[in-house]
Amino acid sequence: MTYSIEKVTTLIGARRFGESDANIGFILTDSRSLCFPEETLFFALKSERNDGHNYIQELYRRGVKNFVVADVPANYDTLYKDANFLKVINVLEALQRLAERHRDEFNIPIVGITGSNGKTMVKEWLNQLLGDDLFVTRSPRSYNSQIGVPLSVWLMNEHTQVGVFEAGISKPGEMLALRDIIQPTIAVLTNLGEAHQENFSTKDEKCNEKLVLFHDAQTVVYNEDDDIVSKAVSELDDFKGEKLCWSLKDKHAPMYVKKIDKQENTTTVTYIYNGEENSYSLPFIDDASITNSIICAAVALKIGLVADRLDKGMQKLEPIAMRLEVKEGQHGCTLINDSYNSDINSLDIALDFMNRRPDHEGRIHTLILSDIYQSGMAAKELYSEVSELCNKRGVVKFIGIGPELSANADVVTVGEKNFFPTVDEFVASEVFKSLHDEVILVKGARQFGFDQITELLVQKVHETTLEVNLNAVVNNLNWYRSFMKPETKLVCMIKADAYGAGSVEIAKTLQDHRVDYLAVAVADEGVTLRKNGITSNIMIMNPEMTAFKTIFDYDLEPEVYSFRLLDALVKAAEKEGITGFPVHIKLDTGMHRLGFNPDTDMEELIKRLKHQNAIIPRSVFSHFVGSDCDDFDKFSAQQFELFERGSRKLQSAFDHKILRHIDNSAGIEHFPERQMDMCRLGLGLYGINSRNNEIINNVSTLKTTILQLRNVPAGESVGYSRKTILDKDSIIAAIPIGYADGLDRHLSNRNGYCLVNGKKADYVGNICMDVAMIDVTGIDCKEGDSVEIFGDNLPVTVLSDIIGTIPYEVLTGISNRVKRVYFQD
Ligand SMILES: *Cc1c(COP(=O)(O)O)cnc(C)c1O
């Protein structure tokens, strides 16, 4: 489905500059995701920190000819030949308007889903339930924001028979726009979470905001048993639609859930809908899944699925893996594992993700793809589209698995291609054995058993892994940015291997989010980043005298804290014939660690800097000793004053702007008025708020598994030196993690605990080098079960408090042999 540029102009009420004909099939809001330039319409969105208008030139060079802008570039007709500029007052509103008008073209059931949890699962399950009979267009992944929703709705085309879209809000006032775009015929509220998580003062306020989605819907689906929700729905003015609420208590509810019967691995739900009693079974027993299934059942029945087919569909429901995982594979390969439902939109997002991770080694990009189910398209058409997408997104090697792909091998035109009917045949083949030095996207429908491929390709891992959530890193970044003025620059501290999280992947994520500087401790860390394709500015906090040549060769910007270092650096730079090399001057304002004295050293420093032209001060900074604690506020004020004085002296001696910075993570939050030109974000990026020891968004989770379980009678001891004597008959589990992995021995002998299936399990006996023992008496668990050492459910600060240290030490102490696994939703 395409729109002529004239039509688009009218639909969004723009003024058009330029006269070339064009047909628009694709919408772009992020220049890095460009794929089909000729048919793309770019929306130059402005955010606090970025402006889409800055990317027009680059996009034009790459073939984009159509732009929605607030400001038309000067001399557009000579600079941008054949281009069209559609001028509007508000670019985001224009994007939303276009999606809204596109939505108007469809007279089909459209499901809009909001709620605090479960939106994505309900959306995906509805697709699984309805997809065999109907062509469903749905939001890819969790595209549910002010930008994500219009992009999702835009995906509907002439095949679409049902639309299923998520609407997510983070602050009051946002739902109205989303409702106008989605215009749901069926509106769903999954549930209401805790109020404090979002920018709402009360749960009622949040509920009312979410219910804005309900206003003009023909049918609304919600939980009658939730009093806040029920009351709010009953108070909706002028709502004329059908209230399809579900209840476990009210026999007269339109969807009455009469019985929930949990068996070992399945649950049977008996319900009365339209006066008819039926039941279905689903392959899950957890409460969230059961609730989501009830919501899906109500919607699917409403859309017309019959009870019998509903039951069949429910039995086949699959868990939703939202995660895109990055793992180091064997033979120099990196694996991107995406077990999210296979469809063309999520394939596009995963390919885009692969391309946006810089890779300096120039390794080829390989795709391993299974047959795509439930696409609603004819196979030839579908796989030609897949092939075109692969070519556009730089896939060099294509491996198709499944009978359908094999049968349509001819429409795939990727340079190197291979097809196999099953995973087993692929794994046995030469093609599998010869994979090396590639970035491989593994994307397959669950039925094909793609897990086997990743397991075989990933390096044998120690069962202990540190899972790093890249979304959480971005959310933390944005949380701190919210305290900063848009123009304030940001250094992200990724020293000590990104506080243990792994500097390369963290740096890739930060570079993609346009942070101004990355900072590492030593030159070698900087070299590693450069070798992995990081082009951002990189600061070296502790430049070694022996590493100057490396620093110059790799464009790393050293910190300079003493006259000795300054002179040596200048001498080395002069020897290389270098001029104007940027450095960062550190002042000591009270830490008494490294740095020039702002009162006594400045004149000499200025003199020496002026007497050479090999290096040039790019910034000047100092470091708070206690911004995390109010007790030191007076001292911090003193430090700031001293820094102001010293840094002003330095600046006044030079004509060029020297960036001044002093705020670290805690400082950004506590002294936003001291943000100056730049801030340095460290621990906060990794989700820990050092001011209150709370977790902002958890980034790292250290996990292991139960190796062995044994019964040990009362009176026996556990571990070296018999430090724990059991006072009752116990079940003891051995886990493959020890102090050599960074598990502190001070946790031994019931001083600390980990989590086994959500329950606390004490460490018993002394923690050994590679193994620890835990007491799982009374905990439902078996060998092979997962154990959380710290992370999503057990804050790392609990451990650091027990040990009597700071979370920094625990995080950076996780040894290198613990495999890092990265994922993003
Ligand atoms: C590590 C470091 C930071 C970051 O501090 P956090 O407390 O982790 O935010 C900032 N500045 C300097 C000089 C550092 O060494």
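Note: Cβ is positioned from N, Cα and C throughout, glycine not excepted.
Close to K495 (active site, proton acceptor) in the fold, though at least 6 residues off in sequence, lie A519, V520, A521, E525, M541, G682, each with a CB less than 8 Å from its CB. Reduced to three states, the DSSP call for K495 (active site, proton acceptor) is helix. If you look up TrEMBL, you'll see K495 (among others) marked as active site, proton acceptor.
Cβ environment of Y720 (active site, proton acceptor): G765, N766, C768 lie under 8 Å away, each six or more residues apart in the same chain. Residues or ranges marked as active site, proton acceptor by TrEMBL: Y720 (among others).
The substrate binding site annotation in TrEMBL covers R593, M769. Neighbours of R593 (substrate binding site), defined as other CB atoms within 10 A of its CB across all chains, total 10.
According to TrEMBL, the domain 'Alanine racemase C-terminal' annotation covers 699-823.
Positions annotated as N6-(pyridoxal phosphate)lysine by TrEMBL: K495.
Across the domain 'Alanine racemase C-terminal' (699-823), the model assigns an average pLDDT of 95. Cβ-based neighbour count (10 Å, all protein chains) for M769 (substrate binding site) stands at 11.
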